[in-house]
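S.K.: Structure in structure tokens, see below.
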């Protein structure tokens, strides 16, 4: 019940999630701050979209089998990939708008007089909402 295409998309999403660890630990720059925003959103949305599409396909197959002998629509591998990509496209659009509204960059944070921390210019609340 596991198609090769969706399995690869799921594995790629998990790989992106694991690679985000290194991006989050890297020294903040405009590039790493941009990759943090994109990587976390795309990684999780690709993983969950592939899981949702696989589960939805199985559910539709079993529900259709109990009501009629007709094969349900949109269960081919191409349509499954298209459904997953359309779900991920929603997240890409959200990230794109977020990058335009709040451009990525760095800032200095002074928790005390003797400390200076270089951080991504990012509000925690907007980061939480975007995911």
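Using N, Cα and C of the backbone, Cβ positions are placed for all residues, glycine too.
Curation does not apply to TrEMBL; its annotations are automatic.
Found this in TrEMBL, in case it helps:
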DOMAIN    1-131  domain 'G-protein coupled receptors family 3 profile'
TRANSMEM  6-26  transmembrane segment
TRANSMEM  81-101  transmembrane segment
S.K.: Short question: which residues 6 or more past the ends of the transmembrane segment (6-26) have a Cβ under 8 Å from it?
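M.R.: Apart from its flanks, the transmembrane segment (6-26) reaches 32, 35-36, 39-40, 42-51, 53-54, 77, 80-81, 84.
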S.K.: Given the model, what does the mean pLDDT over the domain 'G-protein coupled receptors family 3 profile' (1-131) come out as?
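M.R.: Averaged over the domain 'G-protein coupled receptors family 3 profile' (1-131), per-residue pLDDT gives 90.
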S.K.: At a C-beta cut-off of under 8 Å, are there same-chain residues at least 6 beyond the transmembrane segment (81-101) that contact it? List them, or none.
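M.R.: Residues 5-6, 9, 34, 37-38, 41-42, 45-46, 49-50, 52-53, 56, 74, 126, 130.
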S.K.: In the domain 'G-protein coupled receptors family 3 profile' (1-131), how many residues does DSSP call helix, how many strand, and how many coil?
M.R.: 92 helix, 13 strand, 26 coil
